[in-house]
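Annotated features in Swiss-Prot:
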type: MOD_RES; residues: Thr98; note: phosphothreonine
type: TRANSMEM; residues: 99-119; note: transmembrane segment
type: TRANSMEM; residues: 140-160; note: transmembrane segment
type: TRANSMEM; residues: 182-202; note: transmembrane segment
type: TRANSMEM; residues: 210-230; note: transmembrane segment
type: TRANSMEM; residues: 329-349; note: transmembrane segment
type: TRANSMEM; residues: 377-397; note: transmembrane segment
type: TRANSMEM; residues: 414-434; note: transmembrane segment
type: TRANSMEM; residues: 454-474; note: transmembrane segment
type: TRANSMEM; residues: 494-514; note: transmembrane segment
type: TRANSMEM; residues: 537-557; note: transmembrane segment
Amino acid sequence: MEEKDVYTQDGTVDIHKNPANKEKTGNWKACRFILGNECCERLAYYGMGTNLVNYLESRLNQGNATAANNVTNWSGTCYITPLIGAFIADAYLGRYWTIATFVFIYVSGMTLLTLSASVPGLKPGNCNADTCHPNSSQTAVFFVALYMIALGTGGIKPCVSSFGADQFDENDENEKIKKSSFFNWFYFSINVGALIAATVLVWIQMNVGWGWGFGVPTVAMVIAVCFFFFGSRFYRLQRPGGSPLTRIFQVIVAAFRKISVKVPEDKSLLFETADDESNIKGSRKLVHTDNLKFFDKAAVESQSDSIKDGEVNPWRLCSVTQVEELKSIITLLPVWATGIVFATVYSQMSTMFVLQGNTMDQHMGKNFEIPSASLSLFDTVSVLFWTPVYDQFIIPLARKFTRNERGFTQLQRMGIGLVVSIFAMITAGVLEVVRLDYVKTHNAYDQKQIHMSIFWQIPQYLLIGCAEVFTFIGQLEFFYDQAPDAMRSLCSALSLTTVALGNYLSTVLVTVVMKITKKNGKPGWIPDNLNRGHLDYFFYLLATLSFLNFLVYLWISKRYKYKKAVGRAH
């Protein structure tokens, strides 16, 4: 057997820093531990976040708009901190050791959160049937724990999906096909954890207590850590390629230094290493593209370039691959930006959907009440249904028409999800119109809950789940696949920032809408008593923004050109 058949060709190594053996490492034998880790970690995250808006209202005595904004601000931070973890992973530690470091911050935050909800003196006091009146210290401890978790997840989230994809050699056609399937099952694992969180854990929080409700997710996070480390001997590790930000700035500086230099018509004259390997550790060479030609100046050799002992000064002369890294990041940005509005729609599940459900009849039978936050289980059920259906049925069917091995291109897949999200917001808006009509007809303005079943919310949750399978999984695969090899954690983090900015956009929209609609003594669209508001207008506003966003996405996606990599990594 030839050496190339024994070892991977993508530059990966095993835990002992030896070339990765195909038979002993990677593939599904490694991914089972990664999927187990992700399932338990997401159970912990959603077990804490799904019902957070109700904790803020009932235990920290916050109003609807304040609680919703605090949830979206925290959730947004959870998707901004991955930029920190991604930079550390790509530049210094690699994905494995970054995850291994940040899990301890995560567990510490979860532990403190549990203590803040269960230990006398730390948990909110002065409680009556509906709410508590915490002091400033108790509130501070809670938010410190919450943002420790945000930092911990920031080191894990951008790395774990890319780390799983690293277990498949892109230079092996069989493994390359399996990698595409991995992203579907990765998202499936996320939603298995989310399903347990939305049912069992929310019920515990609402019926047993918040101490147990946060304690169980903490135990789940400890189990996630065990899953991760148990698989260490099977993992393939990509070596860090040095600071990606440094390489980006080197191209920019070199290009501006040669601002008056003309780029040759023959692009083969641009500087590139002579052998098959890229000069960037852990990265394959990238084929030159004709877009963003200004940056090609950084790869034009001139007499002013200083070369010592065969080494090029990278602040004066950059390889074509290094230039194409920057181009790849820039061309990803328009696609990235269109994900922000979708994330805003998605964030409504943990805020406005829950608040809407709080006003409806939550009885399931005579003696059981389902917490409004538990309705998100139908989003999860939708994801768990559509993920294998997409992987096993839709892709093979689509291949017959598109002749694409993936069924749809990644951009087509994401676009389908954007369309579905528009209908999700329209559905939520129509339900709110019907609910408000019931309130008006029965003069139920001051009733805490009206006689209208919460299960009328199911369609909007199912549509959000369907949209996730197309857009979020498409984003995971797209940003990994189109990222330069040595910037994959960074690009995965970049895709996650759409969720952060989507949450922040939701906060801004709620704040602006309330400021405008509360004028002249009116209660506004989203008052504490939703029976006197117009939440339907807010949902229709999001539907309109989503439609406009989709039109922009169509224009961008038609002009996008997929990257091409050649050679092998060293």
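Here, residue 1 is simply the first one shown, and the rest follow in order.
Cβ atoms here come from the backbone N, Cα and C positions, even for glycine.
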Exercise. Which range out of 182-202, 210-230, 377-397, 454-474, 494-514 gives the transmembrane segment (329-349) the most CB pairs under 8 Å?
Worked result: 494-514
Seminar exercise, completed: For Thr98 (phosphothreonine), the nonlocal same-chain Cβ neighbours (under 8 Å, six or more residues apart) come out as Gly85, Ile88, Ala89, Gly155, Cys159, Ser489
Exercise. Which residues of the same chain, at least 6 past either end of the transmembrane segment (182-202), have a Cβ under 8 Å from a Cβ in it?
Worked result: 31, 34-36, 38-47, 50-51, 161, 164-165, 167-168, 213, 216-217, 220, 371, 373-377, 379-381, 383-384, 387-388, 390-391, 468-469, 472-473, 476-477, 480
Problem set entry | Recorded stretch that, among 99-119, 140-160, 210-230, 377-397, 454-474, has the most CB pairs under 8 Å to the transmembrane segment (414-434) | 454-474
Exercise. Taking pairs 6 or more apart in sequence, does the count of Cβ pairs under 8 Å between the transmembrane segment (454-474) and the transmembrane segment (494-514) hit 3 or more?
Worked result: no
